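Marked as transmembrane segment by TrEMBL: 26-47, 72-95, 107-135, 155-178, 211-238, 258-282. The domain 'ABC transmembrane type-1' annotation in TrEMBL covers 73-279.
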Amino acid sequence: MSQLALDSRHQDGILAGLKRVAEGPLVVPLLIFLCAVLVPPFVFVFLTSFGEKGWTAGYYLKIISQPLYQKVFLNTLEIGGSTAVLSIFLGYFVALHLSRCSRRKRALYLMLVMLPFWTSILVKSFAFTIILGTGGVINGVIETVFGPGYKLAMIFNRVGVIIGLTHWLLPFAVFPILSSLLAQDRNLPVAAEIMGASRLRIFWTITFPQTLPAIGAGAIMVAVIAMGSFVTPALLGGRGDLMLANMVDFYIREALDWPMASAIAMALIFIAGAVALALQLIRTIVRAVRP
């Protein structure tokens, strides 16, 4: 009997391998398209970052040595990390609720989750200036409840930037977690409940550990995209909330210094890649040690 089970598993592995080999050529056109679209601009930016007239590493040395760029680097990491943490925190509750809804309700709620993608980021950022401003909706409610003079500074600072980015990037956290929750075996929580486990213990010992890879995937997407944003920090942030993408925009449009803009862009790509690799490494370690 055990030999039959081993043979069945061996056959399943062979079939899965053949399926992957058969599906491999289907990815080739996409890879060709991505290489044609992404590689030439990347090479151009990389070469430009060393100067237009002669090769020099001065632009990179300037980025490393000057306090202004160091502060902007920290801003980028802090805002990207804070946005990722807040998006995962809120997105987990949304995904958990959606996983327990009927298919019809889930489809409706997913449309609401997708709403941030249906509007331009520029329009949404301007809308948040109205909602979060001194005379905005939220401060109006606060003044109504607590009286005149009670207001929160939620715009032209880091709070506004993180709120705006979280609203925009929340779907990138919801969908991986929701997919992981829907793929889980429904019999495991039922069996644990029959054996006397509380709902909280079932969540922490069964549900949550299985979603850790999805949490890592969502965090990577949110953090990388947030670190590369410049519209939301420009409209909702203050002078102390500049990000690397804002510096790239400044050197291209106003200073007309393409080598400096290219060097900052390459630094941003390096940081985003390092963050993505670090989070991916954490995902791999968690998956390896998870029982």
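Here the Cβ of each residue, glycine as well, is placed from N, Cα and C on the backbone.
Automatic, uncurated: that is what TrEMBL annotation is.
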Stretch among 26-47, 72-95, 211-238, 258-282 sharing the most Cβ pairs under 8 Å with the transmembrane segment (155-178): 211-238
Which of 72-95, 107-135, 211-238, 258-282 contacts the transmembrane segment (26-47) most, counting Cβ pairs under 8 Å: 258-282
Tertiary contacts of the transmembrane segment (258-282), as residues 6+ beyond its ends and Cβ separation under 8 Å: 42, 45-46, 48-52, 59-60, 62-63, 69, 73, 76-77, 80, 216, 219-220, 223-224, 227-228, 244-245, 247-248, 251-252
